[in-house]
Structure formats: structure tokens, C-alpha cells
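Scroll down for the structure; my scribbles are underneath it.
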Amino acid sequence: MKIINSFVFIFVLLFVFNTNAIKLSEDEKYSIEEKPEWYSIDSNFAVSPGKISDALGWGYYKNEILKDGWGKLYVEMNKFMTPENSSIYYEATGYLEGYLTWSTTWNYSQAYFQNYMNGTNESDIPTPLVEFLKINYDWMTSTFSNRDESVYDTQVSNVIYQFEGFARGYQQAADSDKQLTTLQLLLLQYAGDLEDVAGYLEYEMAQNKTEYINRVKSLKEIETLFAVKGRCSGLVRITPDYGELFISHTTWGSYFTAGYRIFKRIIIPDPTVPGNEILFASYAGVLTSDDDFFMIPSTEMVIIETTNDILNTSLYQYVTPNSLLYFVRSIIANRLSNTAQEWTNNFIQYNSGTYSNQWMIVDYKLFTPYQPLQPNTFWIIEQLPGGFMSADMTEVLALGNWPSFNRPFFPEIYDAMGYSYYEKLYGDIISYDLNPRSKMFRRDVPNVMSLDGMQQIMTQNNYKSDPFSGGFPGNAIAARYDLGGGPAEPLSWSFIGLHGAIDSKITSYSLLQQNQAIAINGMTVTPDCPPFTWNSNWSTVSAHYGSPETFDFDWISITITDK
């Protein structure tokens, strides 16, 4: 995606099972442990080396991106936190993250702004986007700051405190020649929302809105849209004996973002919220996940999503800056929800209509190995501008699995977002049931019986031999659009660019009991897909400051302990 000063947005980037057997911490293959360097923050927001027992909180950051693909951030606030003094703890949480991760955040910001804004200065950000940011942030702060009519209101305020603390922490720690403005740091939080904010601004500035809405996209445009904006593959899998329940997520994104991945464990012992500890995959400088992949040990829930791109541009009329963007709502839903249905209800409040996803929520509290699935174990919600639909899909999951692949499930959402219209025009590539990934999941998931099987399917790309790929490396559970190639038909399947699968994360009932996931960072590597390298052909196409040069990492265990 490029955002240029004329504000014409061009979204093309050149760019047999035993549950007791999963004990990854005992397997050298997954070992990542090195002693961390602790820092503590006091009530004056002074950061000192060491883990000080009477501090506001403490944490560490291990920048191991070049080692295994992931930074590891641990931030924990002190148990002395009360409802009356909660705001300072949320602010301190953000401050410590900004302080500890500033160097990786700087690298990510330079790549982010260069690739998305064509420049790294605040003046390079298009004026309409700056205006949207300011209107949205002013609305949020004026509506919710110092308002405590509900726990929800308080948590919106706490997200504001956390972000402002993050900005202060970054600015305090960063070198004088690597400073970022608060506006720039706020724009990093838009990583998920940005494309739909851009779509809304395009719609608003269209001279003839009727013509803009009614213009029919070509198959080439649709395929390019899916390639550069279609984000992620997801899978929830119950084994045939009901002995284990897996949930997994493979992020699709711009390749440069793979260089700044951080797994974060954030513990804020707020007595007013159930979700006070969260382990999630994220990026430097981003307070939420953006993938998304959240594990919430305190409520025993895991949440993932895949994106449903907006094909019906008339929906952008329902986007408004007077709303809560995804990055705020995701944090609040994680904190306030104790059940999957509660999560859907909390997430959809003040819906911005940006980052329209299919969200999947597994409530492991309701899961007992080798027993039938209980109602409300698994919910989904699909959001779009101006609306949403949600439902308990446990009965469907009980049949074996729930796959997710950037197509809306609910017929009403499918129709409203424009998919039914374009399916009639262009056929199976748009279809929920017959698109390549849908057929791959349907064919291959019955063979997945173990953690190894989950790893294999979520990084799968056999485009040279898989008939459902048709010779195209983008038609895979883990796409590799950089490789090129494709079938003779349709001729428009020719997109080549720096986009595709950039990671995979998996957890399960037994892993969640240990606060564990496994993860791999980098563009998928298979017999058909060699390791991606920032060679001379690609290095000038996409900024990637400080990124690993070659992505050929292994799976690792993610725990991020307090030891």
C-alpha cells in the first residue's frame, strides 16, 4: 500500500495424538531462554536497572529478532494497583514498553513511514490522514477522558493513558536524532485500521461519489486487492477424539513488517477487569496485536482474526472518525471480557468500521479433553462499516474444524461487502466454499491430528504440485507472492510483490495451561518456496531498516516468563 500526497491510494506492493506429550519447554528445539535485563519504573516515571519490589512495575525486552525472528517483551505492574490509582499503572505500562523497545520501534517506524507514506518525516503524512487522526483522537479523549460512567468508559481512558505513556517513554529513551512525534507514534497504532481509513478518505474526496461507488472492479483489481490487503489464514481444530483443541494463525502482510516482530506479555493486575494478563504477537511500537493473535491466561480465552476486504465501496459512507478504532476496541475487549460472547459485545461498541475482520474466540474454560464441546466454547463475529453479525459456532467446530481465509462467512455480510456480486462476475476465486484455501483446508484438515500437523498445514505452500494452487504461489495457506509464476488462466493472475505469509502461531488447551504458544517468523519455507532474502532485486523496493537479511528461522516456544 502506498499513500501519496495526491491521496490517490494505490494498494499494490512491489514489495496418533497424546495431549500429555506437548511439553515444549523440555525440547531443545524450542528453547530460547537467556537471562533478561530487568528495569523498574517508579511513581515519577524514572526507569532504573533491576527488578525493584516496591516499584510501580518492571519488565524487560530481549531483542532476539536476528536470532530467532522474535523480540520478547515482558511488562508487569505491581499488585498494589487499585481502581482508584489505576490510571498511573496503565500509563506506566505504556511508558515502560516505549522506553524498552525504542530502538526496534525506531527501525519499524522508518520502514513503515517510508513504505506507506513515501517519507519518514511527519510532513510526509498526507494532510487528510493527519486531520482524521486528530479528529478521532480529540473525539476519543473528549468523550472518554475523566468519564467513569462505566467500566468500559474507564478502559477507553486507560488505553489513552497507556498510549500517552508509550509516547513519553519512547521520547525519553530515544536518541536525539531518532525522535518521533506523538502523531507519528499514534499513526503506528493505525497499522490495522490504516487501509480502511484510506478507503474512507478516498470515498470522501471522490468528486462523483455515485460514479466512485458504481465502478466495477476488474478481476485483476480484485486479485491484487486480495494479494496486498487479504490478511491471514486461521484454523481452529478439534481432534477426532476431542482430546485436544488447537487454534492457529498465519499472518499475511507486507514482508518488511516481518523484521520487527515482538511477542509481548503484559500483566496489569487491575481488580476491575478479568483480562489482566495477555500474551500476544505484535510489532514494535504497536500496543495491540494487529495480526491478530491473543492469549488471555486469566480468562482462558484465545482470539484470532482474518480480514474481510471491503469490495463494496459504498460501505465507506458508514466510517466515521467519531468512533473507536480497532486498535482501541481490541484492547478493551480483551480486558473486559470473561466469555466469548462478552468479547463480541465489547468489541463492537463504537464500531469504526475499519479493519473489517472475522474474529474467532475460543473459551478454553468450557473445554474438557475427551468430552463433548459445550455451548459458547467458540464464537465468531464479523464486522463491517455500519454493522456486524456474531454467533456461537461451537456446533460447527464440533464437526472437526473452523477454517478462516479472508472470505465472510455470514451470507448477509458476504452480500453487503460485495462478495456475492463479484462471485457472479468472476466465479470461484471469490467464493467462500470454492476459493483455493477453502478447498485446501477442507481436503487437508482431516489429516491434522497433532501439533506437528498444525505446523505443517499453517505454513503450507506446495504451489508447484497442489492442483488447488494452479501453479500460483499466492494460492496457498501461506502465500508467497514474491515468487511469481502462475497458471495460463486466468491471465490476470500475475501479481508479484513483497506480500504473503510472514509468520505462524499455534496454541492449544494443553499449551495454554502452561501459558505457551509456538511460533515461527518469516516468509514460509517449503520445498517449493526457498527462504526469502532481501537481495538486490528486492532491497531497493521496500525499506527494511534493521531487519534480518534472510528469513529461515525455526519454530520456537513462546512463554516469556518472569524469571
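Glycine too: its Cβ is placed from the backbone N, Cα and C atoms.
According to Swiss-Prot, the protein has these features:
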type     : residues : note
SIGNAL   : 1-21     : signal peptide
CARBOHYD : N85      : N-linked glycosylation site
CARBOHYD : N107     : N-linked glycosylation site
CARBOHYD : N118     : N-linked glycosylation site
CARBOHYD : N121     : N-linked glycosylation site
CARBOHYD : N208     : N-linked glycosylation site
CARBOHYD : N312     : N-linked glycosylation site
CARBOHYD : N537     : N-linked glycosylation site
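Where Swiss-Prot records a feature, it is marked here on the structure.
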{"residue": "N85", "record": "N-linked glycosylation site", "Cβ contacts under 8 Å, 6 or more apart": "none"}
{"residue": "N107", "record": "N-linked glycosylation site", "Cβ contacts under 8 Å, 6 or more apart": "G259, Y260, A284, Y545, G546, S547"}
{"residue": "N121", "record": "N-linked glycosylation site", "Cβ contacts under 8 Å, 6 or more apart": "F113"}
{"residue": "N208", "record": "N-linked glycosylation site", "Cβ contacts under 8 Å, 6 or more apart": "none"}
{"residue": "N312", "record": "N-linked glycosylation site", "Cβ contacts under 8 Å, 6 or more apart": "A416, M417, G418, Y421"}
{"residue": "N537", "record": "N-linked glycosylation site", "Cβ contacts under 8 Å, 6 or more apart": "none"}
Cβ contacts within 10 Å for N118 (N-linked glycosylation site), all chains included, total 13
